[in-house]
Amino acid sequence: FLSEPGNAYKQCHKKGGHCFPKEKICIPPSSDFGKMDCRWRWKCCKKRSGK
């Protein structure tokens with residue numbers, strides 16, 4: 001199964017997040033979703049929205 005370019009991390013993106021290196025701290029009020037479907041030693045962080 002090959003995903004389309006840019007859609008490699010569907011689970012993370014569905015939650016509105018992006019993959020970051022594991023060392024990055026997700027600063028509140030961002031959410032840290034953990035690894036999700038990001039690559040090894042990365043994690044999914046959702047940056048706070050402007051709403």
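Placement of Cβ uses the backbone N, Cα and C atoms for every residue, glycine included.
The feature signal peptide is assigned by Swiss-Prot to 1-8, with similarity to another entry given as support.
Long-range Cβ neighbours of Cys44 (disulfide bond) (same chain, at least 6 residues apart, Cβ-Cβ under 8 Å): Tyr9, Gln11, Cys12, Lys15, Gly17, His18, Cys19, Phe20, Asp32, Phe33, Gly34, Lys35, Met36, Asp37, Cys38. In the three-state DSSP scheme, Cys44 (disulfide bond) is classed as strand. Per Swiss-Prot, disulfide bond is recorded for Cys12-Cys44 (among others), and the stated evidence type is similarity to another entry.
Taken from Swiss-Prot, the feature disulfide bond covers Cys19-Cys38 (among others). In the shown protein chains, 22 other C-beta atoms lie within 10 A of the C-beta of Cys38 (disulfide bond). Classification of Cys38 (disulfide bond) by DSSP places it in coil, neither helical nor stranded.
According to Swiss-Prot, the feature disulfide bond maps to Cys26-Cys45 (among others), an assignment based on similarity to another entry. All chains included, 22 other C-beta atoms sit within 10 angstroms of the C-beta of Cys45 (disulfide bond).
The number of other Cβ atoms within 10 Å of the Cβ belonging to Cys12 (disulfide bond), over all protein chains shown, comes to 23. Proximity of Cys26 (disulfide bond) to non-local residues of its own chain (separation of 6 or more, Cβ distance below 8 Å) is seen for Phe20, Asp32, Lys43, Cys45, Lys46, given in sequence order.
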